[in-house]
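Enquirer: Look at Swiss-Prot and you will find Gly81, 84-85, Ser89, 91-94, 109-117, Ala121 tagged as 5-phospho-alpha-D-ribose 1-diphosphate binding site. As annotated by Swiss-Prot, anthranilate 1 binding site applies to Gly81, Asn112. Residues or ranges marked as Mg(2+) 1 binding site by Swiss-Prot on the basis of sequence analysis: Ser93, Glu227. What Swiss-Prot lists as anthranilate 2 binding site is Arg167, and the listing cites sequence analysis. What Swiss-Prot lists as Mg(2+) 2 binding site is Asp226, Glu227, and the listing cites sequence analysis.
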Amino acid sequence: MDAFKTHLAIVASGAPLSREQARAAFDDLLSGEVTPIQAGAFLTALSVRGESEDEIVGAVSAMRARMLPVAAPEGAIDIVGTGGDHSGSYNVSTLAAILTAACGVPVAKHGNRAATSRSGAADVLAALGVKIGLPPEALARCLSEAGLCFMFAQTHHGAMRHVAPVRTELPFRTIFNMLGPLSNPAGVTAQVFGVSRPAWAEPLTRVLATLGSRRVWTVHGSDGLDEITTTGPTAVVALEDGAFRHFTLDPREVSLPLATLDDLRGGDPEHNAAALGAVLEGARNAYRDIAVLNAGAGLVVAGAAGSLAEGVARAQEAIDSGAARGTLARLVAVSNA
């Protein structure tokens, strides 16, 4: 492991790794050939200095090379966030994914159990009856028959087991909190990507572009949410076929009322599942508003809506027509078949 020690020494000195060096270092980390002390020192030094774009690209490349892939139809997207906003909000991206799929855009959702919240995507979907941890063939069938699948990160990124104990011991977030959301097993090239730190928005959008994404909205709410928020404005860095654009969204621009963080605060998986089901049954509340806003963005990124207002209107109709309820029912049925 002389090469890893060399890379560790570079990072410990405060200097950045090249993309190729980062790829090699993360190949070593994910192969289980690095001692816990070396891994902890490496991740700590990276976190203290801050990861460069080349380091993130190299690390994601190592992750993607080891992941269990899923075959997805052309035009599939993901709606995902880095987590870590400590808001305890409802499962916004999960409901937004259901609404987007109900509008005819295939969604290959990638996620995990709760880390800093009480209910992650895997937790709430399991509470809704969706079978979690399916193999790639079953996930492809979910996409084909329901227009939506949920790829459980632990199933697709088995190499993460080599660094999991070290991550648990460290009292801060590491680069791996970014790598999961950046490593979609279906290889989607369009994403609504939420970040909990505003400083991550532009560099992670460039990282996604480097890795092959074509259309991305990287979003950060003014309240700290890693979603498009309804409590105020949201900063967006958009990637559209190689061009970058910065703008701010306000929910009132698409006729949605302002909410408070308390309005968006959820609970445990059963509580959040009940709230999600209530929205699909027609409840009009802050959870519905923030979900249709994020689904509207998903439709824009997918090229299925010409504007955010059009996307929001289509997401509203997916609820009111019962299409979204049907999408979830099909996902439950197909995942358990």
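Placement of Cβ uses the backbone N, Cα and C atoms for every residue, glycine included.
Since this is a predicted model, take the numbers as computed values, not measurements.
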Enquirer: In Å, rounded, how far does the Cα of Gly81 (5-phospho-alpha-D-ribose 1-diphosphate binding site) sit from the Cα of Asp226 (Mg(2+) 2 binding site)?
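Expert: Just about 6 Å between their Cα atoms.
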Enquirer: How long is the line from the C-alpha of Asn112 (anthranilate 1 binding site) to the C-alpha of Ser93 (5-phospho-alpha-D-ribose 1-diphosphate binding site), rounded to the nearest angstrom?
Expert: 12
Enquirer: When you measure from the Cβ of Gly81 (5-phospho-alpha-D-ribose 1-diphosphate binding site), how many other Cβ atoms are you left with inside 10 Å?
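Expert: Total other Cβ atoms inside 10 Å, all chains included: 22.
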Enquirer: My understanding is the cutoff is Cβ-Cβ under 8 Å with a sequence separation of 6 or more in the same chain; which residues meet that for Arg167 (anthranilate 2 binding site)?
Expert: Leu43, Thr174, Phe176
Enquirer: Fewest neighbouring Cβ atoms within 10 Å: which of the binding-site residues His110, Arg113?
Expert: Arg113
Enquirer: How many whole Å apart are the CA atoms of Arg113 (5-phospho-alpha-D-ribose 1-diphosphate binding site) and Glu227 (Mg(2+) 1 binding site)?
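Expert: About 18 Å separates the two Cα atoms.
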Enquirer: Would you find the one among the binding-site residues Ser93, Asn112 whose Cβ has the most company, meaning other Cβ atoms within 10 Å?
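Expert: In terms of Cβ crowding, the pick is Ser93.
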Enquirer: Quick one: pull the CA-CA distance for His110 (5-phospho-alpha-D-ribose 1-diphosphate binding site) versus Asp226 (Mg(2+) 2 binding site), whole Å only.
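Expert: For His110 (5-phospho-alpha-D-ribose 1-diphosphate binding site) versus Asp226 (Mg(2+) 2 binding site), the Cα atoms are 15 Å apart.
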Enquirer: Quick check on the binding-site residues: of Asp226, Glu227, whose CB has the lowest count of neighbouring CB atoms inside 10 Å?
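Expert: Candidates: the binding-site residues Asp226, Glu227. Fewest Cβ atoms within 10 Å: Asp226.
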Enquirer: Using DSSP, would you call Ser93 (5-phospho-alpha-D-ribose 1-diphosphate binding site) helix, strand or coil?
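Expert: Reduced to three states, the DSSP call for Ser93 (5-phospho-alpha-D-ribose 1-diphosphate binding site) is helix.
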Enquirer: Going by DSSP, is Gly81 (5-phospho-alpha-D-ribose 1-diphosphate binding site) part of a helix, a strand, or coil?
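Expert: The three-state answer is strand.
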Enquirer: Expressed to the nearest Å, what is the distance separating Glu227 (Mg(2+) 1 binding site) and Ser93 (5-phospho-alpha-D-ribose 1-diphosphate binding site) at their Cα atoms?
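Expert: Between the Cα atoms of Glu227 (Mg(2+) 1 binding site) and Ser93 (5-phospho-alpha-D-ribose 1-diphosphate binding site), the distance comes to 8 Å.
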